[in-house]
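For reference, the structure discussed in these notes is given below.
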Amino acid sequence: MMFTDWHEAAIGKTHNRMNFDCGDADLNQFLQRHARQNHEKGTTKTYVALDNSDVTRIHGFYSVSPASLIYAQVPGAISKGLGRYDVPVFRLGRLAVDKSMQGQGLGAQLLLSAGKRCIQAALQVGGVALLIDAKNKQVCDWYKGFGAVPLNDQPLSLLLSFKTLYAALSASGRL
């Protein structure tokens, strides 16, 4: 089942961050204490999935920022054809879904939304992939299900190429 009764917005003061609970204290704390401030300062941008009938209720969120990787860290499938210098990417710093919404496909939708946002930015400033730091093997395997590949030297850090994301966005009619 795919949950579709939501819309995305930049995090703001009117959004009820205190009632969000994804089951992970660190992610909850980031949303409650740091996400909006970081967004306003420009260090990391956070976007929230809001309930269409209650625009203060946060169902999920993701945070992104620009980053780069040393060429040697990047798997060959992504580095092929690139110059041998730092590889421009976007870091998916956090992605979480409220416990009440887990298992309804919102996490996948947020991943695609983050990918689309970063692809659009990359058209202006460059970038080839989404860099993901998985918290554990289970989360790592979830991202691998979308085509993410581990970095050469860090098995819980993955790259999801914009080529793969673009294909998924096209297939889902989200471009």
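Cβ atoms here come from the backbone N, Cα and C positions, even for glycine.
So that you can see what the record holds, here are the features copied from Swiss-Prot:
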- Y143: active site (ACT_SITE)
- L95, V97, G103, G105, G107, A108, D133, Q138, D141, W142, G145, F146: acetyl-CoA binding site (BINDING)
Integer Å distance between the CA atoms belonging to G107 (acetyl-CoA binding site) and Y143 (active site): 10
Structural state of D133 (acetyl-CoA binding site), classified by DSSP into three states: strand
Which same-chain residues, if any, lie at least 6 apart from G107 (acetyl-CoA binding site) yet have Cβ under 8 Å of it: G60, L95, V97, W142
